[in-house]
């Protein structure tokens with residue numbers, strides 16, 4: 001032990017080796033400590049706005065929280081101070097991919113799958129709670145924690161898989177925005193031009209960021225409000241049956257449902273719980289000024305962030321219900337001939353999309369359908385809602401890409417350079433698809449992207465479960481036994497459901513030996529890495545059999561000493577630990 005911790009007294013070395021709950025590393029909150037209300041660097045000096053260290057986030061401004069002594073139990077003023085990160089996080093529940101999943105579930109199963117949407121949102125809230133707690137307690141986001149806790153090869157693989165999830169999500173968002181432009185311009189702005197227009201989001205993002213964090217959050221909330229108004233108008237215009245809606249929401253049963261409805265239910269879960277959103281939320285909570293030297297402030301921040309996230313996801317759930325209900329009432333049971341005739345009667349410029357024998361729907365055809373059934377105004381209002389969804393989710397996706405790249409790769413580039421790189425990675429494949437694909441191919445593309453993101457779910461759920469369950473990272477705020485069991489079961493259920501979705505999609509691949517060989521190799525590599533992350537998680541939770549596994553047990557050294565070794569090696573002095581009675585003081589001194 002002395003050769004690992006040469007700068008610590010023997011008593012401290014013994015303490016580290018025998019009790020996980022005895023310490024919290026000073027490095028965990030070092031990047032988030034403040035002096036006189038301003039961010040401070042590791043040497044205690046105040047950071048200027050021009051600083052771009054690897055430890056910094058993209059929020060140079062921190063929101064001050066009202067004094068706890070004035071509000072001992074609950075305060076709306078405090079809730080307002082904490083409000084923002086949860087609403088930015090909730091935008092991922094309202095992106096064009098989710099909107100398309102909503103309308104397809106309504107079109108395929110009417111109101112019968114609303115309970116799946118409700119349950120998925122609740123599951124999402126529980127996972128977002130873990131992400132927020134990790135960021136609040138440690139002062140670091142999930143990508144930073146993964147970078148320090150996993151060894152080099154797993155860390156790079158994990159970063160690569162998360163980047164795939166971000167690119168897949170961003171492609172859905174950018175294409176959704178391009179479709180909105182196409183509808184609003186009556187087809188005059190082609191798909192590829194709409195994609196190019198979204199490149200301006202990068203500069204808009206940078207411009208808004210300079211006006212202050214609260215103004216940026218207000219802008220995103222404005223976009224959510226626009227979605228609520230636009231889709232709410234469609235809901236009122238269609239006037240769905242409220243009795244059937246409530247029955248479908250609270251009755252966990254799907255009468256007379258077959259494989260198509262089951263696949264649609266699986267798609268809802270996959271669209272709601274998005275892997276990169278876990279990384280995003282753990283970073284967004286760092287924008288609030290929390291003194292991690294005070295246990296009560298950490299508890300308070302966890303409480304208010306959970307309340308805010310619950311409110312934000314409730315709003316997103318209502319908007320999703322609007323979309324499901326509109327197509328459950330308006331589209332379910334229709335045939336292509338009648339819809340096409342209505343389009344001709346109303347002079348819809350996109351009427352030819354329904355000149356088919358088999359009726360299908362996506363966010364493009366959904367907008368056209370609303371225009372055919374309820375007047376062209378309904379189509380344009382729908383397009384405005386999709387535009388708000390696409391623009392907002394694209395911008396939050398930019399944030400996610402920056403956080404992930406910053407955390408995993410420890411980049412020290414200037415901020416605009418990192419923004420340009422992350423946007424380029426996502427935009428380039430999207431432009432190619434927009435140029436060489438037809439509008440009719442977008443539904444198949446959306447299915448492929450949903451499968452792609454479903455495959456990435458373990459690479460967010462397993463790390464967040466791992467690191468929120470160890471007291472070496474979370475101290476007394478680590479998940480208790482009951483929460484570990486609940487979170488573990490939910491992780492298994494969500495991953496299992498999405499694997500069913502993936503398997504169903506793989507059955508549609510071309511029947512050729514080369515395809516089977518390539519898919520088999522990829523699946524084998526994928527399963528090996530998922531098993532590694534799962535065993536690592538179980539080892540952290542105390543499963544001793546993992547360490548006894550022949551040949552590979554040594555890969556899972558998750559003792560307190562190992563988990564904190566990187567932190568100690570980077571420190572110039574040992575951890576500063578102070579106690580007051582039975583309580584601990586968190587953070588650097």
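Each Cβ is built from the backbone N, Cα and C atoms, and glycine gets one as well.
TrEMBL annotations: computationally assigned, not manually curated.
The feature region 'Disordered' is assigned by TrEMBL to 27-51 (among others).
Marked as transmembrane segment by TrEMBL: 216-236 (among others). Long-range contacts of the transmembrane segment (216-236) within its own chain (CB-CB distance under 8 A, at least 6 residues past either end) are made by residues 83-84, 87-88, 90-91, 94, 208-209, 315-316, 318-319, 322-323, 325-326, 370, 374, 378, 381-382, 384-385, 388-389, 391-392, 395-396.
For 262-284 (among others), the entry in TrEMBL reads transmembrane segment.
The annotation transmembrane segment is assigned in TrEMBL to 305-328 (among others).
Annotation comment: TrEMBL describes 420-437 (among others) as transmembrane segment. Here the transmembrane segment (420-437) has long-range neighbours at 163, 166-167, 170-171, 174-175, 178, 191-192, 194-196, 198-199, 201-202, 397-398, 401-402, 405, 413, 445, meaning same-chain residues at least 6 beyond its ends whose C-beta is under 8 angstroms from one of its own.
What TrEMBL records for 457-478 (among others) is transmembrane segment.
What TrEMBL lists as transmembrane segment is 485-507 (among others).
Annotated transmembrane segment per TrEMBL: 513-539 (among others), in sequence order.
As annotated by TrEMBL, region 'Disordered' applies to 569-589 (among others).
Marked as compositional bias 'Polar residues' by TrEMBL: 571-582.
Comparing 262-284, 457-478, 485-507 for CB pairs under 8 angstroms to the transmembrane segment (513-539), the maximum falls on 457-478. Remote same-chain residues near the transmembrane segment (262-284) are listed as 57, 84-86, 88-89, 92-93, 97-98, 100-102, 104-105, 108-109, 113, 116-117, 120-121, 123-124, 127-128, 130-132, 134-135, 141-143, 162, 165-166, 169, 254, 309, 396-397, 399-400, 403-404, 407, 450, 453-454, 456-457, 459-461, 464, 494, 497-498, 500-501, 504 (criterion: CB distance under 8 Å, separation of at least six residues from the stretch ends).
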